Amino acid sequence: MEALKVEKFTTANRGNGLRAVAPLRPGELLFRSDPLAYTVCKGSRGVVCDRCLLGKEKLMRCSQCRIAKYCSAKCQKKAWPDHRRECSCLKSCKPRYPPDSVRLLGRVIVKLMDEKPSESEKLYSFYDLESNISKLTEDKKEGLRQLAMTFQHFMREEIQDASQLPPSFDLFEAFAKVICNSFTICNAEMQEVGVGLYPSMSLLNHSCDPNCSIVFNGPHLLLRAVREIEAGEELTICYLDMLMTSEERRKQLRDQYCFECDCIRCQTQDKDADMLTGDEQIWKEVQESLKKIEELKAHWKWEQVLALCQAIINSNSNRLPDINIYQLKVLDCAMDACINLGMLEEALFYAMRTMEPYRIFFPGSHPVRGVQVMKVGKLQLHQGMFPQAMKNLRLAFDIMKVTHGREHSLIEDLILLLEECDANIRAS
């Protein structure tokens, strides 16, 4: 058995944590984990396979609930142990669909009732997880009570009373644990496709300037060092989207994870001025418009996404710089819409405008920047811009060999793009 490179320890002021057992290099794989339980997120339901979380145009439905969808009979067969007990519950709740946290907890309970040890709990178990109940406001507690009631209604086909739950299982506390400890599972394009629980990885504390990153290969989690780490040094990840001001980061950390971030970046409001460059009234309007754009994206309404993004971008020409994070997010959405609509020339136009802001906001080796640069290189390759494509594909490789590792499926795709680009350069 491979020796662990990380160990649990008690920090001075942040409770439990993970630290390095020995010196670590950038790109070194520190931990890999399948989830204790996971589920497709609501926005990706019917778009990605419920088992492998990969997108496919034609997915086959579960013949019983007709809600779960799979890319192949093989995935459907592998998914059955996790889906079996929720199947009748999904069928009975139609047309209403449970929140992600409700479906996830249902799967967690099935795993806990199974009583087989899970590799995901090697360092920390579900029962060890922090719930932060004592720190929750009454409004938050009421929200958890509502979730517990929704859960009881959803699982009524399988669980009629507390005797059918694991011993000493507290539903209210379990939901608090799920909210605080679940991981958003992202696909190769860093888009949210699922949510899962990886108990050992819940030991990782937050930093706005982390020394590790997490990426996913389907539901499989990979933790890597992104810079040199000394033996005994605490390992950290960023819990949040990096395109947030210090005030926004602190608020989300306080609301979801119940702690105040006092890191140097938050204390000095690092990069806040860059993020909010431009006319405040205009970027606040764009910030509000992003809610509608994200809603349209969640329903894959790409024509409407693009129309709204273009209207915002055109109306704010010369008034809001691309480095403003809300303008940047609109450019990103416009690029995604163009890619999904097959408008590759327009997609490249928007993508190129994101390159410099991404360099500033995602310094060093960051998976989000690596994927963005790869997208730009791929778009340039498809338009015959071979020297430019080669430059960006190589840059993407340099970043992603650290963040993703050479065995990741996305790196394999990137190597094929590099080979294709090289062949075109040689032939021209």
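Including glycine, each Cβ sits where the backbone N, Cα and C put it.
Swiss-Prot has this to say about the protein:
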type	residues	note
MOD_RES	Met1	N-acetylmethionine
DOMAIN	4-240	domain 'SET'
BINDING	Arg14, Gly15, Asn16, Tyr124, Asn132, Asn205, His206, Tyr239, Phe259	S-adenosyl-L-methionine binding site
BINDING	Cys49, Cys52, Cys71, Cys75	Zn(2+) 1 binding site
BINDING	Cys62, Cys65, His83, Cys87	Zn(2+) 2 binding site
REGION	272-428	region 'C-terminal domain'
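Feature annotations (Swiss-Prot) mapped to structure.
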residue: Arg14; record: S-adenosyl-L-methionine binding site; Cβ neighbours (10 Å): 12
residue: Cys49; record: Zn(2+) 1 binding site; Cβ neighbours (10 Å): 23
residue: Cys62; record: Zn(2+) 2 binding site; Cβ neighbours (10 Å): 18
residue: Cys65; record: Zn(2+) 2 binding site; Cβ neighbours (10 Å): 17
residue: Cys71; record: Zn(2+) 1 binding site; Cβ neighbours (10 Å): 20
residue: Cys75; record: Zn(2+) 1 binding site; Cβ neighbours (10 Å): 20
residue: His83; record: Zn(2+) 2 binding site; Cβ neighbours (10 Å): 22
residue: Asn132; record: S-adenosyl-L-methionine binding site; Cβ neighbours (10 Å): 17
residue: His206; record: S-adenosyl-L-methionine binding site; Cβ neighbours (10 Å): 17
residue: Phe259; record: S-adenosyl-L-methionine binding site; Cβ neighbours (10 Å): 15
Task: Alpha-carbon spacing, Cys71 (Zn(2+) 1 binding site) to Phe259 (S-adenosyl-L-methionine binding site), which is rounded to whole Å - done: 40
Task: Inter-residue Cα distance where the pair is Phe259 (S-adenosyl-L-methionine binding site) and Cys75 (Zn(2+) 1 binding site), in Å - done: 39
- [ ] Give the distance between the Cα atoms of Cys62 (Zn(2+) 2 binding site) and Cys49 (Zn(2+) 1 binding site), rounded to the nearest whole Å.
- [x] 11
Open item on the list: Looking at the binding-site residues listed here (Arg14, Asn16, Cys52, Phe259), whose Cα lies nearest to that of Cys65 (Zn(2+) 2 binding site)?
Closed with: Cys52
TODO: Express the distance between the Cα positions of Cys52 (Zn(2+) 1 binding site) and Asn16 (S-adenosyl-L-methionine binding site) as a whole number of Å.
DONE: 31
- [ ] In whole Å, note down how far the CA of Cys87 (Zn(2+) 2 binding site) lies from the CA of His206 (S-adenosyl-L-methionine binding site).
- [x] 36
TODO: Take the C-alpha atoms of Cys49 (Zn(2+) 1 binding site) and Phe259 (S-adenosyl-L-methionine binding site) and report the distance between them in angstrom, rounded.
DONE: 35
Task: Per DSSP, three-state class assigned to Cys65 (Zn(2+) 2 binding site) - done: coil
TODO: Please classify the secondary structure at His206 (S-adenosyl-L-methionine binding site) using three-state DSSP.
DONE: strand
Open item on the list: Using the alpha carbons only, what distance in Å do you get between Phe259 (S-adenosyl-L-methionine binding site) and His83 (Zn(2+) 2 binding site) once rounded?
Closed with: 35
TODO: Report the nearest neighbour of His83 (Zn(2+) 2 binding site) in space among the binding-site residues Arg14, Asn16, Asn132, comparing Cα positions.
DONE: Asn132
